[in-house]
Structures are given as structure tokens and as C-alpha cells.
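Working notes, beginning with the structure itself.
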Amino acid sequence: MWIPSKLTRPGRLHNAIVRPRVLDLLQQAPYYKLVLFRSPAGYGKTTMAAQWLSDKPNVGWYSIDDSDNDGFRFVNYLLQALNKATNYNCSNAQKLAEKRQFSSLRSLFSEVFAEMADFQHECYVVLDDYHLITNDEIHESMRFFLKHMPDNLTVVVTSRAAPPLGTANLRVRDLMIEIGNEMLAFDTEETTRFFNQRIADGIDEDMANNLRTYVEGWPSALQLIALQAQHQNRTLAQTVESVSQFNHAHLWDYLVEEVFDLLDQETRHFLMQVSVLDHFNDELVFALTQREDALGMIESLNRFGLFIYPLEGEQNWFRFHNLFGEFLSHERLARIPQQEKDLHRNAAVAWLKQKAPHQAIHHAQKSNDTDLIVEILNEFGWKMFNQGELTTLESAINQLDKDLLFSHPKLSMLRAWLAQSQHRYNQVGKLLAEAEEEHKKRNIEIDSGYQGQANALLAQVAINSNQPEHALELAELALSQLDPTVYRSRIVATSVVGEVNHVLGKLDRALPMMQQTEKLARQYQVYHQALWAILQQSEIMIAQGYVQAAFELQDSGFRLIEEQQLQHVPLHEFLLRIRAQVLWCWNRLDEAEECAYKGLQILENHSPSKHLHSYSMLARIAIGRGELDKAGKFIEHIQHLMKQSTYHVDWTANASLSLILFWQARGNTEAIQEWLNTAVRPESACNHFQQLQWRNIARAHINLGQYDEAREALDFLQSEAHRTNLVTDTNRNLVVEAILAARQKDEEQAKTLLKEALVMTNQTGMVGNFLTDGATIGGLLEKLSLRHELGDLERHRAQQLMKDISSNQRSRSIHFDEDFIEKLVNHPNVPELVRTSPLTQREWQVLGLIYSGFSNEQIAQELDVAGTTIKTHIRNLYQKLNIANRKEAIVTAENLLQLMGY
């Protein structure tokens, strides 16, 4: 579907004059991020860029048109140009782009930069006519691209207007060369050479200066003047006299009177016909005009100098100069308006022969030939859907009237899938209901296959809307209706059946359904659905207590992502999310944190509401490390997101766990009570997220001293967990039950429950749940271990837990949290200097991190502040504590810790 001419730089520059004053300015271009040619139309931006780069080996060229405002099209063309510039060093990124397997342009560009690390040669990529881009997402992504691209790459932009690419910042930092219309406008010397090259009689300096002043050095106007002199066999003096009133606003009139009317009618008609096309080759022109001499005509007109640019490549691609193309379009609409629809229709048919349905449907829409639009959609609609042309498809479908749209059930279904694929779930049911009603009005009999596809789609919407029973009913109905060959909908329906059984706690049914879904999806190469099935299987296995098996299955998910270039799709974040949850439960916090941050990067360009899970995990990790200030920032994000959006209980339960653990660490019982007052209480607890929500409720009651309510919640939890064989949740519930018993001073019961939990942990490995309440259960674990009440495996686990609890407590001290500082400043033996020159909370944190061996940069990253801010904190604490250097700071911190008994 890609047009070769958009990726080829203009050729045949032998008629262009050499411009040393501009070329001299460009000699230092390799040391700059951006070279910007900015001027109004017709100043030779493209020609100048092409001339400058003509002898450079590593150049990629991208000629932009207004259809490139679609991010998918833009990035595909850009990466093809980059590959040409870097000897195809970005091939993996190109595959990702072609398959639309990226969550945002930023994340895709990160892959590009990683691949470009191996290419060290000077290279250039040209974005020609960038002013046609009006998509803010593309602008923002290109700002990111310019900021982070490797030093050996220079981006060259031609544009009529100042592009919103952060040029002010680049200019201030001296990272941009800007060639404006002042530089591109011909000076007198260049004007003289220009006309001497084209006019037999030549030109003297005075006349050249007059001409240059007359048109303000505008190259296109000078070209028009030269053309007039050539074709009318007039001297330059006569030509100048005839255009004495020429100005930019009169360009169309000038072109008509002095150029266009001089052509024979056949040539004029040919040009107006061809101007329907933005880019063209002889095959397209032949299909459009039925002229067998199409290539000869084009080359003849190119020699004639009528602003037709030949483009590099073997397929004889050409395009009009933008200005001349606009003029021809103006003339076409004025002179042959009755042919407009036929021309666009013929152009659509011509592009179909070039196997470019995207271009074809664009012209079909302009021709308002709805029958042709329907024909293209019926033949290529699903192919375009799979290739990500969603905006184009929706625009075309919206142009159809009701009769046409609903006379073709295939298009009705495509319209509904477009809504689903763009996350407009609430519209899908309405669209399908409307289609059903309209089909009945037209006596269109809907076969069971269509109804099966509709039910599969509605089943997916129902499960997304937390209506599992309805989703199951629809999915099973869809499977009974669908033909075996309709694999996409059968896979979706099978997946929904598995997911519903998972949600209802029927894990033994859910797992085989998801295994079947994965098998079908792999067989038919529907890899997104295969990944989804792997994720569901992993969650089911975790719930069943087979956590190591789930972990290994996740590895197969990561392999699938790598093999099929799925790194940038949102499902990758889902996999990282459940991997982080397992790692947190195994107390592998650094790895869990890495997964959470990777997830945020993948979702960078999605709605902030999708970041809730990542922030929940990051908060939990910070709490586990005792970094409560850092956790507080994540908690603020969580609370803001939960106020702004409505979430599934799976999301809110995870977020609420982090909130409760944070408030527990802060001793904020008021916040816990406020949460409990409004907490959702699911009717059942037959799946992992309902179990988590009820466990949050039990934990809240414990923190508030409401032990009877906590007991009631835990009894309900364990009853449901045993009923549905939720092994891992049973394990987690036992830990909370032990905490409740300890709070109620029932030590024997607490130890019994802990022992049972430790036995189960041999299978699940769930140690993180013990560590969240280390202060409560640490002593109990020690007593269990000393009394030899545990088996060897359980004793080893208990000893490791005690070690981790001790390490976490020390970590909290090293990070100098509020409790530690309060005890320190009130200690009778604390140095007087600490009392009289109290450090701020942040300065204490910085001192603790210095003691832990963190560099200034690492401290800034840890506290999420600027490096200059850290330097200020260090300077202040050095001054307050009379410290000269980092070595003395470490000694001071160590002395304070020893004073406190660490």
C-alpha cells in the first residue's frame, strides 16, 4: 500500500543553479539536530535540500501529503526513509510499524534509537512539506524524536510554516540551522546566473536586480518570468514590462495568462486531468486519461518546465510542484467542473489497479460515488481493518446513506468492529441493534453466521462491562451459530467462555477453554488473541496455586511478544503487570519495579486512566522498602485517577491494597475508615479480584480495631476460596487471619495459622504478604522457628522471612523515615548540632541515601526530583551538620544509626 514516489528524492537537478552561500551555511549540518528550510510556497525549499544532499550517501527522503496525518501512515513512511538512511538498521522497528504493534509513536521511536546504536555513519532523513502535518500527536512524537535521536542523525524539514517541533528550544541551544525565505530568495548574483542559464540573450546586473526586487527573490516567480520569455520568444525586458503589476495574490491569474493559455488545449486538458493525482506514474496516468503516450507526455512536460518533478526510482514516478498542482486544481474546478466526479472515480479505479485501496477510497469519496465506496469496502474493508486503516474506513462508512450501509450486512458488522477496536464499547450494542432494525425494514435476511459474529462481538463487550453471565450466554450462542471457517469470531467467543468461567470461579473449566483459545489463535495467526489466552491461563494457574507454572507460562508470552513483534501493544503491559505481581509476592522488588515502569512506558500514549495498575504496584514497592515519601507521590496519582475514572473491581481492589498499606504505615486510621465507608462489597468472592477486595475490607477492619467485622469478612473469604479452590488466595487469607489473631492476643491461634500459611507457601512462594505486616508477625515466626514446630522447608522459609523483615526495617531506618527522625532528635545523647540545626525531612532522606551509597544522580532518580535540587539539599545538610564532604556525611550517618542501636 506504500507509494514508492513518497520515499524518493527529486532527481534531475542539472537545471538548478548552485548556491554557495546556502551550501556554506550547511557545511556544519552534521553537528546539528535539525536543518529547517522554512518559507512560503515556491521558494525552492525542496530543490535546495535535494541539491545539498545529492552527493551524500546516507539519505532517506519522505515526501509528505495531507493524508499522512494518520499516525500509522506517517510512522511507516518515516521508518522506511530512516531505513534507507541507515542501511536498513531499523528493520525490526519497521516490522512493528507495519503490523501496528506499538502503543505510541514514542515507544516505537525508542526501539528505533536502540537499533540505530549500531549505525555510526553520518546520515540524514528529510521530511518534505511538513506543514501538511496537522496531527498534534505526530508533532509531539517528533519533538520526542528530535530530543532523543542519536548524534549521527540530522533531520531535515521543509515547511511553509514554523513547525511545532520545539524549534525555539533548539534555536536557543544552537542545535538547529534555519534556512528561511530570506536565504532561499535569490540575491542579484543568483538571479543573474539563473537567467543566463535559461535565456539566450542573457541578462545584465541592473535588470537582474530589478527583477529580484520586483518579486522579492521568489524563485518560482522568476521561473515563470523565464518561461514566459522562452515560450513567447520575448526579451527579458519585454517580459518584465508585461508583469510589472505581478504580486503573490495574482499568481493564479499570472499562470493562466502567461503560461497556461500558451499551451495547446490538449495539453491543458491533460494537465488538469492528471492534477487529480498527488503522485503519479505512467500507469496511473494512462488509466486516468486513456492516453497510450502517457509517459511521453509527462516527460515532455517535465522538459517543458511545467513544475513536474521526476522522482528517483525505476517506476517513473512524478509529482507536480505543490504550487503548480494547486493552480491546476483551481483551473480544473473552474474550467471542467462537470468532469470532477468522473476524474475522481477514474482515479479511484486506477489506484485499485495499483493495489492501493487507501488511495482509491479517498478518490471514491471525493467523487461521491457511494456504490464504488461500497465496492471497495466490501472487497478490501477487512484487509484495511487488519492493516490499521481505521480512520479511513470510518470516514468512508460515514459517507454512506442508510440504504446503502444497511443493504450490506458485512459493512454493518465492520462498522461495529470499528467502534469496538477504538474502545467505544458502549456504542457497539447500539450500532448492532440499529443494524438489526434496519435490516428488517429492508427485508434482508440475516444468516446465522452474521448473528454469530454479532453475538461474539457483544459477548466481548459484555465481559468488558463486568456482565459475565450475559457474556457466557452470548458467547455460547455465537459458537453454535458460527461457521467453522469464521475463525476470528470463533476464537473471540471461545476466549469469552473461558474468561467467564474464570470470573465465576470455575477454574477447571476456564483453563482448558483458554488453552483451546491459544491453540486456535496460534493456528490462524491471530497472535494478539493468543497472547490474551496466555495471560488468562497465567492468572488461572496463579489462582490454583501453581505460581511457578504460571511464571513459566508468562515466559512463553514474552517469547511470543518477541517472535511476533508485539512489544508495543497494550497486552504487553498486562503481561508485565501480572509478572510484577508475582515478583512482588516473591519479594523480588527490583524486578517488579522494572516491570511496572516498562508497563508505564508501553501505555505512555494511552489515557492516564490506564496507568492505575502500574502506580499501584510502584506504591506497594516503595511502601515495602520504607520509602513512604516516594510512595506518597504514587498514592496521590492513584487517588486522582480513581476520582477521575470508573474502574472494574479488579483495578480498584489492587489500588485499594496500596492505599490501605500506605495508610497503615502512616497510622492514618481516619483515611482507612473513610475508605471502608464507601468500599464496594462484592456479593461473592469466587475470583482473585473479589478475594482481594474482601481481604482489603478485612485488613481495614483490623487496622480500625473492628475485629468481629474482620473475622466475619475472613470467614466469608475462606469459605468462598475453599469452594472455588482458590489456593493462592487461601494462602494470603491465612496470613491476614494470623494478623487478626495476633491483634486479638491469641498467640497460639496466630502461630497455628502462620504455620499453615508457611506450608502453603512452599507451593505458592507468596512471601510478600507476610512482609507487609512484618512488625506483627516477625516475633511469631521467631517463636515458631525456635520451638521446632516447623518442618525443614517451613523453618527455612520462616528464617528467610525473618531476615527479610529485619532487612526491611533497617532499610526504613537508612531512609530516615519520620518515626526514626522523631526518635533521633529526642534521643538524650544526640549531638547538640542535630538539635539546633534541624534538617528537613527531605535532607534527612538525602543523608540516608548518601549513607546507602547512592550517587547524586541516583538520589535524584530515587526521590524523583531534579539533580540541581539534590545538590541544594546536600549543600544545606552539609552546612547544618558542619560536614565538609561525602565521606564525612557517611561517617555522620553511621554514628547516628549506631546511636539508635542499628
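Every residue gets a Cβ built from N, Cα and C, even glycine.
The number of other Cβ atoms within 10 Å of the Cβ belonging to TYR43 (ATP binding site), over all protein chains shown, comes to 28. Taken from Swiss-Prot, the feature ATP binding site covers SER39, PRO40, ALA41, GLY42, TYR43, GLY44, LYS45, THR46.
Note: the domain 'HTH luxR-type' (832-897) comprises 50 helix, 0 strand, 16 coil (DSSP; helix = H, G, I, strand = E, B). Per Swiss-Prot, domain 'HTH luxR-type' is recorded for 832-897, and the stated evidence type is sequence analysis.
The DNA-binding region annotation in Swiss-Prot covers 856-875 and rests on sequence analysis. Same-chain residues lying 6+ beyond the ends of the DNA-binding region (856-875) with a Cβ under 8 Å from its Cβ atoms: 627, 629-630, 633, 840, 842-843, 845-846, 849-850.
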Proximal but sequence-remote residues of the same chain as GLY44 (ATP binding site) (Cβ under 8 Å, at least 6 apart): ALA16, LEU184, PRO219, SER220
Whole-number mean of pLDDT values that fall within the domain 'HTH luxR-type' (832-897): 80
Other CB atoms, at most 10 A from the CB of SER39 (ATP binding site): 22
